[in-house]
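**Student:** Here it is, the structure, as structure tokens.
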Amino acid sequence: MSTNLKYLSLGILVFQTTSLVLTMRYSRTLKEEGPRYLSSTAVVVAELLKIMACILLVYKDSKCSLRALNRVLHDEILNKPMETLKLAIPSGIYTLQNNLLYVALSNLDAATYQVTYQLKILTTALFSVSMLSKKLGVYQWLSLVILMTGVAFVQWPSDSQLDSKELSAGSQFVGLMAVLTACFSSGFAGVYFEKILKETKQSVWIRNIQLGFFGSIFGLMGVYIYDGELVSKNGFFQGYNQLTWIVVVLQALGGLVIAAVIKYADNILKGFATSLSIILSTLISYFWLQDFVPTSLKE
């Protein structure tokens, strides 16, 4: 049963990652009248949706009893403040990471983003070795070296980029820095969260409620600091449309699926499974979004 859950969660993760990257990229580059939606508010809404989904799952596990649900939430969250506070660290990092992904996809095409973001496999492996004392085999280290080589080739400037002083959309440097920062934050937060999940007996859904609680607080702080003036002028949900809500739901789903993958598999396997979505993202980015042109180094 656990093996089936492992591969099911990995399959859903591939689908979710591919869909999220493409819809997020499309939503951030779509030309529409009026203000564009704020990525900081989208992160907060996704956290709130994740909390609601997890509460429903805990309610289901409690045999659909409101009294049992209230007891579980009280015993596992309110009565264990130190356990709850442990989630503040990865939650803050995940909130930063989610905001960085919006920045990255506003400045990079979907295919380049997907390949570069796979450096998180390397950072995850390094943090897993140092924090969880895991041992990697020769083939796993060789795979990481190949991964780094592939990312270097993807970032290598093509002739058209060298001849042109203008970048096609946004700043590629800003996008690259956002992705690299997200890779390190993802690696550390993922391994830290895995360590917490596997050292305690609390359910993965309770842990996600704790993550979402702190994530919402950190996210609202980000909205106030960076977009407070725009929110007061045009509203919290400015620029939201059907596509925006699809992005938000997919992002919330991602948090749930990743937690399940970490619980039933591990972070390194999660990273390699996510890499499968690169092929789908590249093909759709080329044929549908038409913002990626393969070269001899990017094929």
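Any Cβ shown, glycine's included, is placed from N, Cα and C.
Predicted automatically and left uncurated, TrEMBL annotations should be read as such.
Pulled the feature table from TrEMBL, pasting it below:
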- 7-26: transmembrane segment (TRANSMEM)
- 38-59: transmembrane segment (TRANSMEM)
- 136-154: transmembrane segment (TRANSMEM)
- 174-193: transmembrane segment (TRANSMEM)
- 205-225: transmembrane segment (TRANSMEM)
- 245-265: transmembrane segment (TRANSMEM)
- 272-289: transmembrane segment (TRANSMEM)
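Give me the local environment of each listed feature.
**Tutor:** Long-range contacts of the transmembrane segment (38-59) within the same chain: residues 28, 65-66, 69, 72-73, 95, 98-99, 102-103, 106, 203, 205-206, 208-209, 211-213, 215-216, 219-220, 222-223, 226-227, 230-231, 236-239, 244, 247-249, 251-252, 255-256, each at least 6 residues beyond the stretch ends and with a Cβ under 8 Å from a Cβ of the stretch.
Distant neighbours of the transmembrane segment (245-265): 2, 5-6, 9-10, 12-13, 16-17, 19-20, 23-24, 27, 42-43, 45-47, 49-50, 53-54, 94, 98, 190, 193-194, 197, 204-205, 207-208, 211-212, 273; these residues of the same chain sit at least 6 beyond its ends, with a Cβ under 8 Å from one of its Cβ atoms.
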**Student:** Near the transmembrane segment (205-225), which residues from the same chain, at least 6 beyond its ends, have a CB less than 8 A from one of its CBs?
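**Tutor:** Sequence-remote neighbours of the transmembrane segment (205-225) are 38, 40-41, 43-44, 47-48, 50-51, 54-55, 57-58, 61, 72-73, 76-77, 84, 87-88, 90-92, 94-96, 99, 193, 196-197, 231, 236, 255-256, 259.
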**Student:** Same chain, outside the transmembrane segment (174-193) by at least 6, Cβ under 8 Å from its Cβ: which residues?
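**Tutor:** Contacts of the transmembrane segment (174-193) (Cβ under 8 Å, skipping residues fewer than 6 from its ends): 87, 89-90, 93-94, 96-97, 100-101, 103-108, 113, 116-117, 119-120, 122-128, 131-132, 155, 207, 211, 258-259, 262, 267, 270.
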